[in-house]
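Trainee: Before anything else, here's the structure in question.
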Amino acid sequence: RCAGRVEIFHNKKWGTVCDDNWDLLDAEVVCRQLDCGQALSAPGGAQFGRGDGIIWMDETNCTGMENTLSDCLGRPWGINNCYHGEDAGVVCSGDKVLLPPMKGLGALSISLPVAGSAVSSFAPVRLVDGPGRCAGRVEVFHNDKWGTVCDDNWDFTDAKVVCRQLDCG
């Protein structure tokens with residue numbers, strides 16, 4: 001299930017989101033951004049475990065219509081009055097298969113502690129050798145390298161996810 005602690009990748013570092021002002025509208029943006037269906041709940045209080053490191057977002061205030069969590073209003077990046085006992089989470093309606101954590105820019109993930117690691121539903125993607133920013137061959141960043149994506153079972157639904165992830169409509 002698409003559920004867990006919300007983490008966002010900013011300035012080359014993963015960080016958590018504080019639960020101050022965290023609500024179903026904020027969770028709705030996360031679930032949509034990750035293609036995980038609709039938000040069912042927006043648990044706070046580190047219900048999915050405490051993160052570590054920086055807390056990137058606080059006083060997040062989404063309208064529910066934003067394309068990405070980073071589009072929502074809130075305190076400036078990294079400015080907060082929180083501790084990891086206040087990490088925000090989401091429970092979405094989707095049953096997406098989760099992938100190992102990846103490095104990326106502007107990335108968002110849902111993370112859960114699992115056997116000493118974390119799971120993430122985000123893999124950084126890019127389009128290359130196309131006529132513009134929103135067309136080209138799909139590549140995924142994994143193990144500090146970019147690689148191509150095989151077209152076996154690739155369809156319009158997959159393409160829509162990539163387009164949304166790259167803010168290409």
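First residue shown is number 1, and so on along the chain.
Heads up, the Cβ atoms here are built off N, Cα and C, so glycines get one too.
Quick paste of what TrEMBL says about this protein:
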- C18-C82: disulfide bond (DISULFID)
- C31-C92: disulfide bond (DISULFID)
- C62-C72: disulfide bond (DISULFID)
- 1-93: domain 'SRCR' (DOMAIN)
- 125-169: domain 'SRCR' (DOMAIN)
Trainee: Provide the three-state DSSP residue tally for the domain 'SRCR' (125-169): helix first, then strand, then coil.
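Mentor: Summed over the domain 'SRCR' (125-169), the classes give 10 helix, 14 strand, 21 coil.
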Trainee: So which of the disulfide-bonded residues is most packed in, judged by how many other Cβ atoms lie within 10 Å of its Cβ, out of C18, C82?
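Mentor: Top count of Cβ atoms within 10 Å goes to C18.
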Trainee: Residue counts in helix (H, G, I), strand (E, B) and coil for the domain 'SRCR' (1-93), per DSSP?
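Mentor: Output for the domain 'SRCR' (1-93) reads 16 helix, 27 strand, 50 coil.
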Trainee: Just the number: how many Å between the Cα atoms of C72 (disulfide bond) and C92 (disulfide bond)?
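Mentor: Each residue's Cα considered, C72 (disulfide bond) and C92 (disulfide bond) end up 19 Å apart.
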Trainee: Using C-alpha atoms, which one of the disulfide-bonded residues C31, C82, C92 comes nearest to C62 (disulfide bond)?
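Mentor: Ranked by Cα distance from C62 (disulfide bond), first place goes to C31.
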Trainee: Compute the C-alpha separation of C18 (disulfide bond) from C31 (disulfide bond), stating it in Å without decimals.
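Mentor: For C18 (disulfide bond) versus C31 (disulfide bond), the Cα atoms are 17 Å apart.
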Trainee: Please compute the mean pLDDT of the model over the domain 'SRCR' (1-93).
Mentor: 91
